[in-house]
């Protein structure tokens, strides 16, 4: 029975992920969601019946699926075109933050032509991708200047290497924390991670690789290396900035100044090539401002406030509520971090998980790949609600069945209500468990 379940799980996961990588069209929601359901069912079978003492076969399966997806052009996201555009701008000596794509005329920048411009989802907005990501875009455009597919494969190689690093770091960290190493499968075989990171080219994979490297270095008291890795994580995606307050108490009296000064210096050095170019501060600042004041997708608290705003004044008040929620998230995370009196490293991933959840609850935009961080951090905790969320969030792809896209707010409500209900059930279960069991959590 267990053997059949394991084989069936591997088959279902492989078939589902293969279709999502090579055959699906994101406008065909029911095919997409059915394939993801098949893959997720296989994932659950492996998690439930997989041999916790023989995870090599499952690690190998995860590697093989990622290598296969290396050669699949992104089908569920069009962000890849902006990555290629930014890469060509930098190769031409242009600062990608200085002007939005619509600023450039036909043929003005080699490789960034009208055909590519038409594929961009926000050509009127400045770039928002930090320097480490921009460096990868540039390498891809340089290696494959005439092929979008080739450039995508080059970028995926970087993400594949980052994922392999994450795998190694998960093994090391779980072992050092005294947790079952089989927990790494929660991340390694999660269909959302497989499809959205290497499959659809999202740089959360790079951010998480550097973040876990920083955590690993911290547990080894290598504070300079930890700071450098944290800076690289920040320069891949800006989100790790919100995690720094949780290190204040843990580093106080150790190498506090070494760590934070090094993070600042390395981050500044990474941003310096872009800072020296004209228009970076205004362009990047404008992009961040627009992110909170303009974009909305699959939100929770913000959608409740938006409904209130429509009732109150009759129009969308995202320009008011977006920045307000961003400040609420930042202040809440800071207060939670200052109230956290723990100084051990083992509890840090759980604190970071809480920070990401606060951020996501207050965000105006929550795409499926935003859950990569909660999923990997949940491996170190007893919480499993991020795994349920990683399935339910795929309901958001109903939005792409129409042009322009339109969300089904009933499905958004179902998504968040089910995740909240499962979280409350988990919380109640943990409260009933003995303290020792709560500390270590379930086996998987």
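Any Cβ shown, glycine's included, is placed from N, Cα and C.
Whatever TrEMBL says is automated annotation, not expert-curated.
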Candidate ranges 58-76, 77-95 [criterion: TrEMBL lists as transmembrane segment]: 58-76
351-373, 374-396 - the range that TrEMBL marks as transmembrane segment: 351-373
Transmembrane segment according to TrEMBL, located in which of 114-139, 192-217: 192-217
Interface present between the transmembrane segment (321-339) and the transmembrane segment (192-217) (three or more C-beta pairs under 8 A): no
Which of 30-46, 223-244, 321-339, 409-425 contacts the transmembrane segment (256-277) most, counting Cβ pairs under 8 Å: 223-244
Non-local residues, at least 6 beyond the ends, that sit with Cβ under 8 Å of the transmembrane segment (58-76): 10, 13-14, 17-18, 20-22, 24-26, 32, 46, 50, 148-149, 152-153, 156-157, 160, 163-164, 167, 184-185, 188-189, 194-196, 198-201, 397
Long-range environment of the transmembrane segment (409-425) - Cβ separation under 8 angstroms, sequence gap at least 6: 298-300, 303, 383-385, 388-389, 392-393, 395-396, 398
